[in-house]
Amino acid sequence: MKYTSSTTAVPDTPNVPRHVAIIMDGNGRWATKRFLPRVAGHVKGVEAVRAVVEACARRGVEYLTLFAFSSENWRRPEEEVSLLMRLFVTALDREVSKLHANNIRLKVVGDLSRFDAKLQTMIASAERRTAANTRMTVTVCANYGGRWDIMQAVGKMVAGHPGAAAFSEEQLAPHLAMAYAPEPDLFIRTGGEQRISNFLMWQLAYTELYFTDTYWPDFSAASLDEAIASYQHRERRFGRTGAQLANKTT
Ligand code: IPE
Ligand code: IPE
Ligand code: MG
């Protein structure tokens, strides 16, 4: 797909968001509230992922992007980090066949070099296996950071351009880790915090933002519908006036 940029051209505003990007937050608090270890929240969180993948596919969402592990999550206690890694391995093991059977493509983006070799191999083989699937693309952002993404894209952009050169947005964007997807229409963050936490810094430029107090393990198809309904009431102006939109002029 050719990369389209909301700042270069006014994009379409689909009724069902083409691309939904989610910060799945609140697993730890969900568990703590129930006097359970934090890991129980992460385990439950994987179930919520399954439900939301299915709900998005049924509703015709084309790209679902899930923030699973940020470049700053290494700062957590070693025990929690290694547990999250094991959970990632188990989830890949169990879920990839189902995704494939449902014609869903899986992509994992982030600095994967920091993961152990086994996990990297599993990711590569899951991506290869599902590469030709067309119903929906699920992207898992793992060891992802918005700033990492911009910096790695800049590195690729300037490679082969010795000396000073002037670059444009259009030259940078194709090097971003998710250049295969349109910019998100709808961003969802569960867990009550109202921040971006170094998620898709570049791509969220004109995304509609939706924050909910619901902890991720409790997020369901009905919660997704509430978020989509809120999205459907927004006026996406992309810098223009409301009157311009009413007149359908661009
Ligand atoms: C999100 O839930 C999952 C990851 C960051 C891996 P948290 O683990 O951040 O849950 P809270 O925010 O502590 O409740
Ligand atoms: C953001 O959640 C990252 C993921 C959900 C993977 P965090 O829980 O790490 O964010 P902060 O630390 O509250 O900003
Ligand atoms: Mg959190």
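A Cβ is built for glycine as well, from the same backbone N, Cα and C atoms used for every other residue.
Just so you know, TrEMBL annotations are computer predictions that nobody has curated.
Predicted, not measured: the structure shown is a model, and the values here were computed from it.
Sequence-distant neighbours of Asp25 (Mg(2+) binding site) (same chain, 6+ apart, CB under 8 A from its CB) are Arg189, Thr190, Gly191, Gly192, Glu193, Ser197, Tyr215, Trp216. The Mg(2+) binding site annotation in TrEMBL covers Asp25, Glu208.
Asp25 (Mg(2+) binding site) falls outside any helix or strand according to DSSP and counts as coil. What TrEMBL records for Asp25 is active site.
Under the heading substrate binding site, TrEMBL lists 26-30, Arg38, His42, 70-72, Trp74, Arg76, Arg189, 195-197. Taking the Cβ of Gly26 (substrate binding site) as centre and 10 Å as the limit, one finds 24 other Cβ atoms among all the protein chains shown.
Taken from TrEMBL, the feature active site, proton acceptor covers Asn73. Under DSSP, Asn73 (active site, proton acceptor) is assigned to a helix (H, G or I) in the three-state scheme.
DSSP gives His42 (substrate binding site) a helix state.
Rounded to a whole number, the distance between the Cα atoms of Glu208 (Mg(2+) binding site) and Trp74 (substrate binding site) is 29 Å.
The recorded positions near ligand 2, defined by a Cβ under 6 Å from one of its atoms, are Asp25, Asn73, chosen from Asp25, Gly26, Asn73, Arg189, Ile196. Ligand 1 lies under 6 Å from the Cβ of none of the binding-site residues Ser71, Trp74, Arg189, Ile196, Glu208. Long-range Cβ neighbours of Asn73 (active site, proton acceptor) (same chain, at least 6 residues apart, Cβ-Cβ under 8 Å): Val81, Leu84.
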